[in-house]
Amino acid sequence: MSAELIVAAALFTGVLAYAIFGGADFGSGFFDATAGGARRGAELRTLIDHSIGPVWEANHVWLVYILVTWWTAFPTAFAAAMTTLWLPLMLALLGIVLRGASFAFRKYSETLGEARLFGGIFALSSLITPFFLGCTAGAIASGRVPAGGHGDLITSWLNPTGVVGGLVAGGTCAFLAGSFLVADAARAGHEHLADQLRIRMLGVGVATGLVVFAGLFLLRSDAPTLFDGLSGRALPLVLLSAGAGLATLVLVARRRYAVARFTAVGAVGTVVLGWGVAQYPWLLVDQVKFADAAGAPATLHALIFATVLAAVLVVPALAYLYYLTQTERWTKH
Amino acid sequence: MALSLGSHIVLACFGVAFPSMIFVVHILGLRGNATALTLAKRWSKASAVLFAIGAVSGTVLSFEMGLLWPGLMGKYGDVLGLPFAFEGMSFFIEAIFLGIYLYGWGRMSPKVHPFMLLPMAAAGIFGTFCVLSVNAWMNWPTGFRLVNGEVTDVHPWRAMFNERVWLQFAHMWVGAFMVVGFTVAGVYAVGMLKGRRDAHHRLGFLVPFVFASCAALVQPVIGHVLGFGMDAHQPSKLAAFEFAETTTDGASPLRIGGVWIDGKPRGTIDIPKVGSLVAENSFTKPVTGMDTIPAADRPDDSAINIAHWTFQSMIGLGSALAGGVVLFWFARWRRRDLLANRWFLRGVALAGPAAILALEFGWTATEVGRQPWVVYGYLRTADAATDNPWLWWSLGGVTVLYVAMGIAGAVVLRSMSRRWREGVADLPSPYGPARIQETADKGAHA
Ligand code: HDD
Ligand code: HEM
Ligand code: HEM
């Protein structure tokens, strides 16, 4: 395998991890927003605090990892994307800032009024961030980011593929978050809450599934290269994703929450992977291929070293964190 | 960029230096000091808020690198990217162990728990090194060649371990301990001024103050050494710092204050020969004058003034802080407790803001003194920056956002500290079922 391929794989692993971990994290905002008034939503909001509190900062470092790997390994393509997709990225950034800060502020606010204000900001920004990141992905995947950069600031992302990307991102986030929250609620013994979440989770699942498959038809004319990939090379992954998504709905309906978490991750993971496989070998679809965008070889080698070192140091630590949050002692408290 | 960096750098200092201080009080607490244990708990809650804004402000920066500086990242991304990649790794470590530590209270074996802070402290060191490596590279670009406008022959390791990085790192890392040490000590000094002179306040003052003291004493030494070699690698910056309009014959004077108008310094207080001593460590070697720099490569007058003033203010503040620290420990050695002295406490309350200012001034001096270059001698600021038509709107938006975030953060931290003073131990969330019930009961009584 050539160096740029290894780095591209490492970069895409970051995208995948962010879609799953960051996604589950963002999606909790949907459930927070729909939890109801202060009294009725109290239990659910506390559960959300508890579930994402220890992990949200780590989950969101994946985005930083994606950005730095991208600009180090494929600098010109990075500059092209940044000059074109300036607006949605700024808006996603706004969402990230508001979300992180208001989440921390809400937990320690003194009065219910303050908590409501920060909670509202948290929930809203959790919804907009994945949408705009999805638009960004859609713009790249539909070939609207010119190799030289400075593409249209609006129509590059505000178009059918971009909007589909945004909606799919939002939906998959809520879907993932639902599967984790419902399992957490059941494990902590909040049966009533779990039942409430179960209904909403099923609704989100059905809606997301519909958006994904309706979106596929729009892509046919709007993003032909991507569509060819999805209906060709990546078709097995798309089908796998559909299967896993359906299985999740069945499992949740039958209250098998612990297993449903894994099928939900599988459904989202395969759909993101399918996107990656479908757009390969393009970095910016129809414009720049990975091989042509690569930076200096010495840098790629150094970057591979950095990634391996990070894998050795970070993965065990991350596993330990997730393990701790899933133990009895951490859940019950 | 300057605004987000200016805020991030202060918050990042807490990420770098605060874990070590919490570690000390936590360990003291485990050895049976109940006051120290309370401090550790409170500091870890306050750090949850500070680190959260620190982390999001850092994410803003990683976006901004691309959004605002496409000319830099597109051209030199593969030269300077490696330290950023390592920095990403240290953020992971920091964020992971932060999550474990914050939520570990009461859920982890008390013997293991404080040690979760050590990876955070290590990540702080490593992360600081990595960012400073980028900044040092912009001052001393190496590890590549420019052939017909194309970047070739890239050696990322050489770029990362450039000659300036060690000193700049040391200066920044120690600066972080000054900022956090004096700020936290200042909070307790204010408490003592208000008459709260219990063991809690004394310990809360002493631990950060010891850290800050060590840092304040070595900082002038590191800073002085950092100035060497600038004559060779960035003569225009040194000339701006020292207001040297021409190369003098023999030792240069130290010029304090004044303004630079049309290529001439005016109204400075000149101390003969000392300029050469501080800048060159020599009694005879002059500072290279601005007139030796080609006109197109000189900073403009306002940049020269900013660089000169911020540089000297940094040194002034740093020396004052070092002096204050010496005073305190000298008095203590003579068995006089300056904590009983209100003027000293007022001074400590101001020391935090002073250290923050010194830090901001230091950055401004290096960055503005480097103008018109972003990458010294290679890339001009004008060519690196974005030409986006919406830039000003977004800058306005970012400003509003940061101000709002700063106010909200301050409100939350103050209300936390007030509730602690009123004896509330674990700050239940206001929308938790317990508090909601309580509010409802109160409503029913009313
Ligand atoms: C708490 C903060 C603080 C304090 C008290 C000082 N500095 Fe500083 N200084 C910084 C914080 C800082 C900084 C913000 O961290 C800078 C900017 C870039 C860097 O590497 O460090 C800096 C830069 C900087 C530079 C420029 C390096 C370059 O451009 O390559 C010099 C020569 C000094 N400092 C010298 C000093 C001296 C002689 C001090 C004596 C008291 C001093 N500093 C106190
Ligand atoms: C490593 C961390 C960095 C820190 C802490 C930092 C800090 C600062 C600060 C505080 C200023 C304020 C100047 C002012 O407002 O007058 C500034 C200005 C500036 N920074 Fe940075 N900077 C860093 C990295 C960078 C990078 C990576 C770039 C690259 C593109 C950059 C480019 C500039 C430029 C060009 C200015 C001057 C703007 C002007 O005055 O017109 N800096 N920086
Ligand atoms: C000297 C200056 C700097 C120091 C000492 C520093 C240090 C740190 C530290 C310790 C953190 C972790 C904060 C936390 O999670 O609590 C952090 C976060 C971050 N910093 Fe900086 N930083 C500096 C400047 C910069 C610059 C110039 C960038 C530009 C790319 C940057 C990018 C980031 C990012 C992306 C994060 C977020 C990481 C996360 O999500 O946890 N930092 N920084």
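Think of each number as a place in line: the chain as shown, counted from 1.
Cβ atoms are placed via backbone N, Cα and C, with glycine included.
Feature annotation from TrEMBL assigns transmembrane segment to B:6-28 (among others).
Positions annotated as transmembrane segment by TrEMBL: B:49-72 (among others).
The transmembrane segment annotation in TrEMBL covers B:84-103 (among others). Beyond its flanks by at least six residues, the transmembrane segment (B:84-103) meets 15, 44-45, 47-48, 51, 55, 58, 62, 113, 116-117, 119-120, 122-124, 126-127, 130-131, 134, 160 of its own chain at Cβ-Cβ distances under 8 Å.
The transmembrane segment feature in TrEMBL is assigned to B:115-138 (among others). Counting same-chain residues at least six beyond the ends of the transmembrane segment (B:115-138), those with a Cβ under 8 angstroms from any Cβ of the stretch are 12, 15-17, 19-20, 22-23, 26, 79-80, 83-84, 86-87, 89-91, 93-94, 96-98, 100-101, 104, 108, 159-165, 168-169, 172-173, 176, 366, 370, 374-376.
Positions annotated as transmembrane segment by TrEMBL: B:170-191 (among others). Within the chain carrying the transmembrane segment (B:170-191), a Cβ under 8 angstroms from the stretch's Cβ atoms is held by residues 10, 12-14, 16-18, 20-21, 43, 124-125, 128-129, 132, 201-202, 204-206, 208-216, 218-219, 222-223, 226, 321, 345-346, 348-356, 358-359, 362, 417, all 6 or more beyond its ends.
What TrEMBL records for B:203-222 (among others) is transmembrane segment. Tertiary neighbourhood of the transmembrane segment (B:203-222): same-chain residues 17, 20-21, 24-25, 28, 33, 35-36, 39, 167, 170-171, 174-175, 177-178, 180-185, 187-189, 191-192, 315, 318-319, 321-322, 324-326, 328-329, 339, 348, 351, 355, selected by CB-CB distance under 8 Å and a gap of 6+ residues from either end.
TrEMBL lists B:309-331 (among others) with the feature transmembrane segment.
The annotation transmembrane segment is assigned in TrEMBL to B:343-363 (among others).
The annotation transmembrane segment is assigned in TrEMBL to B:390-413 (among others).
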